[in-house]
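What TrEMBL records for this protein:
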TRANSMEM  15-36  transmembrane segment
DOMAIN    22-473  domain 'Major facilitator superfamily (MFS) profile'
TRANSMEM  78-101  transmembrane segment
TRANSMEM  108-127  transmembrane segment
TRANSMEM  133-155  transmembrane segment
TRANSMEM  167-189  transmembrane segment
TRANSMEM  282-306  transmembrane segment
TRANSMEM  318-340  transmembrane segment
TRANSMEM  347-369  transmembrane segment
TRANSMEM  381-407  transmembrane segment
TRANSMEM  419-443  transmembrane segment
TRANSMEM  449-469  transmembrane segment
Amino acid sequence: MGVGVTEVGQYNGKITWFVLLSCVIAATGGLIFGYVTAVTGGVTSMEAFLKKFYPGVYRKMNEEDRETSNYCKFDSQLLTSFTSSIFISGLIATFFASAVTKAFGRKASIFIGGAVLIAGSALGGAAENLYMLMFGRLLLGVGVGFTNQSIPLYLSEMAPPKYRGAFNFGFQLCVAAGSLLAFLVNYGIEKIQGGWGWRISLAMAGVPASFLTICAPFLPETPNSLIQQGNDHAKAKKMLQKIRGTNDVEAEFDDLISASNASKTIKHPFHKILERKYRPQLVMAVAIPLFQQVTGISVICFYAPILFRSIGSGVSASLLSSVALGVVGTSTTLFSMFIVDKLGRRTIFHIGGIQMLIPQMLIGGIMAAKFGDHGELSKGYSILVLILICIYAAGFAFSWGPLAWLVTSEIFPLEIRSVAQSINVAVGFLSTFIVAQTFLAMLCHFKSMIFFFFAAWVALMTGFVYVLLPETKDVPIEKMDKIWREHKFWKRFVIGDGQEYGGSKIEGP
């Protein structure tokens, strides 16, 4: 047994208050991301907001055109751009964030992201015209581009390997809590006299953003980043000892040094990740965030109030339904947080896939049989649809919601970690943009079949995990290369005679 390694192959260390507090502060970025993405659904269902910025949608919503299908009342590319614009600017920003994260450290990106989020929130809350409104959303996208690129890395690198799943779930837990907060704020301000409550909804994101920005300079930098930035190994080792709560960190520290030495030989990381031996990580960096969005969760998160209004609920009822959805998502993520390092990633992916698939098919059947183009669901069926949507949302919050962030933050070797995370975030933003921008048009044209469309994707991605994703539970982050060498499919890519992988030489089979 090597120095600093436990009998089960883990590094020495424990959860310290120092690392716990640091990770809780950093995970606040997830709260902001959840809030700024979820708040738009409630805001765009408010009549005062629509009347000011989207009068055409407001007229259709009030049934001036009685020939308009139930599924088409909110179909406006201009309206969807209010939601989706954040993801385009986030996509572009994440590549700049990659360079900043690698050169200046994780907390530098967190600070920049928080500062830009404050500006975007202020501009959105003060918007007097569509240009101010959209520019504020674009700034929010830049902010989440930086925070989403850096925070999952920060959490994975700070966490003890044995509890890395639970720590990284903290980010998704904050995303879910941010969504719930957005639903609660929207419900609380909807009846404010004068119709200006939407300003509070849009500006409130500045509160957690200010907290993150103020705290970011005081966060400790991860040992991985300290080693990557320079040659002050003594400082990095001291930090590692502090966050692990023990002086016996030789094994983990040696692995960090080896990984750093390998990463410093990489001059062009975007070229490097295209090499054959990194094929599994590249596939996962693209497939996992893509699959996360085609579950249909964007439909629920962004457009839940609009969806509930479409099936006959009033504004208050639709916003209250969204609150119930937020409570379910947050509580389920919390539950999953405590069992992810016991059950393992693959098991949770499979359970969540089944739990999302069945409700979607049932909802599609109910909408096709009972709703139609110009009908209205009875109270009983409306409640049943809400229950099924909650079951679906619980499945996502249990599995693909947090695991998509966790798995992609722990599988990349240090030499490609920053650029791989950028690809992961960028694909997530791009696929979210496409789904968000096209959903209302798809709802108008697919009608009830939209739920079967997303159900088919859920079936496909569950099969993908079963065949191609190895288990990462209990594997130290700097030893993750072994899961690909031992996988019956991926080993053909990562093993070769005398091939270098992750800073160590690997002999062929």
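Every residue, even glycine, has its Cβ placed from backbone N, Cα and C.
TrEMBL annotations: computationally assigned, not manually curated.
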Interface-richest range of 108-127, 167-189, 419-443 toward the transmembrane segment (133-155), CB pairs under 8 Å: 108-127
In contact by Cβ distance (the transmembrane segment (347-369), the transmembrane segment (449-469); 3 or more pairs under 8 Å): yes
Reported mean pLDDT - the domain 'Major facilitator superfamily (MFS) profile' (22-473): 84
Candidates 15-36, 108-127, 167-189, 419-443; stretch with most C-beta pairs under 8 Å toward the transmembrane segment (78-101): 419-443
